[in-house]
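A.B. asks: Sharing the features that TrEMBL gives for it:
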| type | residues | note |
| --- | --- | --- |
| ACT_SITE | Asp79 | active site, proton acceptor |
| BINDING | Asp79, Gly80, Asn148, Asp149, His176, Asp178, Thr189, Ala190, Tyr191, Asn192, Leu193, Ser194, Ala213, Gln247 | NAD(+) binding site |
Amino acid sequence: MKVTKSDEKLKAVKKAGVVLKPNSSDMIDDFLEIKKHFINHGIDTILEKNSAKMLGFEKGLPLKELCKEVDFLVSIGGDGTLLSVVRNSFEFNLPVLGIHMGTLGFLTDVLFEEVDTFLTDLKIGNYKIDNRMMVECHVDNRCFVAFNDIVISRRTVSSMIKIKAKINGISFNSYHGDGVIISTPTGSTAYNLSVGGPIVYPLTDAFIITPVASHSLTQRALVMPADIEIEFKIKDSQGAVLLIDGQDTYEVADNTVIKVNIANKKAKLIHRTKRNFFEVLNDKLGWGN
Ligand SMILES: NC(=O)c1ccc[n+]([C@@H]2O[C@H](COP(=O)([O-])OP(=O)(O)OC[C@H]3O[C@@H](n4cnc5c(N)ncnc54)[C@H](O)[C@@H]3O)[C@@H](O)[C@H]2O)c1
Ligand SMILES: Nc1ncnc2c1ncn2[C@@H]1O[C@H](COP(=O)(O)OP(=O)(O)OP(=O)(O)O)[C@@H](O)[C@H]1O
């Protein structure tokens with residue numbers, strides 16, 4: 001399987017669109033400190049509308065309008081905030097920088113106290129942009145994209161769900177249990193990890209299909225090449241719920257066909273040059289040396 005690396009750089013480093021972790025109005029002093037560093041480095045910041053409303057002192061722009069105005073986006077919060085920024089801005093191809101002000105911070109690279117140093121590096125091109133796969137799901141004439149995962153989940157906790165699956169049009173499995181996770185390599189360390197799925201290096205062109213609480217001892221997670229299409233059909237169940245990065249939900253009825261494939265472009269994450277995935281595993285998952 002292919003691993004995609006790039007030497008891509010930002011076209012300009014003048015304007016940053018900032019999104020803050022929801023329900024965190026206590027972040028005001030930290031935001032002002034971060035903003036001061038951006039200004040000192042000659043980078044203007046514009047707040048996203050909900051973030052501005054939460055702080056209560058700037059007007060802010062709706063995310064889609066903000067994306068048209070800025071050179072890159074900055075997510076200040078945890079993994080959830082970064083996931084939502086990447087997913088909701090995906091159509092604009094903007095690189096996203098995650099400043100870690102959350103709890104785990106598996107995806108968010110730069111710590112609050114590192115912002116000033118990192119911006120010096122950003123201005124001189126000393127950073128990298130990772131191109132990361134997104135997964136796309138087509139259902140009922142709608143299309144959803146996810147950065148971590150799309151989960152086809154049972155609709156009621158009291159009953160199992162049955163999901164028939166085809167790969168490139170050919171039937172290959174019938175999942176019977178709580179549901180199925182279709183994860184990107186980025187999402188492999190999230191829900192997929194919790195249910196025993198494999199960790200996949202984040203720049204690999206592949207995706208993972210992992211059963212959740214399968215009622216069969218032979219079911220296992222599958223790592224698949226990026227160029228296939230998978231089709232799922234809910235059978236003899238009470239419908240299903242799709243979870244997009246664990247944040248958006250969509251209900252589907254029995255016999256609905258859900259097609260999943262890799263999005264035809266990638267999300268861009270801005271990282272420190274020194275960031276190393278294996279150090280992140282070591283640090284955040286406590287693997288030790
Ligand atoms: N049982 C589980 O482990 C479980 C259940 C539901 C959802 N999730 C995951 O939570 C994700 C949404 O994250 P959230 O922060 O919005 O929700 P959340 O606040 O419920 O947090 C889920 C946890 O997963 C971590 N996380 C998120 N993405 C990660 C990644 N790519 N690698 C490693 N850890 C990651 C977060 O830091 C947090 O600790 C979903 O995409 C799904 O993968 C996990
Ligand atoms: N746009 C969004 N839509 C729905 N939920 C969101 C959105 N942005 C953030 N959240 C949720 O807000 C919660 C807190 O945000 P976040 O994950 O950034 O911080 P955290 O949980 O402290 O950090 P971490 O994820 O690194 O452990 C998460 O449950 C996340 O899913």
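Yeah, the Cβs are placed from backbone N, Cα and C, and that goes for glycine too.
Just so you know, TrEMBL annotations never went through curation; they're auto-generated.
Just so it is clear, the model here is predicted, and its values are computed rather than measured.
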A.B. asks: What binding-site residues in His176, Tyr191, Leu193, Ala213 place CB under 6 Å from ligand 1?
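C.D. replies: From His176, Tyr191, Leu193, Ala213, counting a Cβ under 6 Å from ligand 1 as near, the near ones are Tyr191.
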A.B. asks: Considering only the recorded positions Asp79, Asn148, Tyr191, which possess a Cβ situated under 6 angstroms from at least one atom of ligand 2?
C.D. replies: Asp79
A.B. asks: Find, among the binding-site residues listed as Thr189, Ala213, the one whose Cβ has the highest number of other Cβ atoms within 10 Å in the structure shown.
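C.D. replies: Highest number of other Cβ atoms within 10 Å: Thr189.
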A.B. asks: Please give the greatest C-alpha separation between any two of the NAD(+)-binding residues Asp79, Gly80, Asn148, Asp149, His176, Asp178, Thr189, Ala190, Tyr191, Asn192, Leu193, Ser194, Ala213, Gln247, in angstrom, as a whole number.
C.D. replies: 30
A.B. asks: Of all the recorded positions given, Asp79, Tyr191, Leu193, which residue's CB has the most CB neighbours within 10 A?
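C.D. replies: Of the recorded positions Asp79, Tyr191, Leu193, the highest Cβ count within 10 Å belongs to Asp79.
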A.B. asks: According to DSSP, which of helix, strand or coil covers His176 (NAD(+) binding site)?
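C.D. replies: For His176 (NAD(+) binding site) - judged by DSSP and reduced to three states - the answer is strand.
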A.B. asks: Which secondary structure state does DSSP assign to Leu193 (NAD(+) binding site), in the simple three-class scheme?
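C.D. replies: Going by the DSSP assignment, Leu193 (NAD(+) binding site) falls within a helical segment, counted as helix.
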A.B. asks: Roughly how many Å separate the Cα of Asn148 (NAD(+) binding site) from that of Asp79 (active site, proton acceptor), to the nearest whole number?
C.D. replies: 10
A.B. asks: Enter the number of other CB atoms within 10 angstroms of the CB of His176 (NAD(+) binding site).
C.D. replies: 18
A.B. asks: Between the Cα atoms of Tyr191 (NAD(+) binding site) and Asp79 (active site, proton acceptor), what distance do you get, rounded to the nearest Å?
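C.D. replies: Here the two Cα atoms are 13 Å apart.
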A.B. asks: What does the structure give for the C-alpha distance between Ala213 (NAD(+) binding site) and Asp79 (active site, proton acceptor)? Integer Å is fine.
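C.D. replies: That comes out at 25 Å between the alpha carbons.
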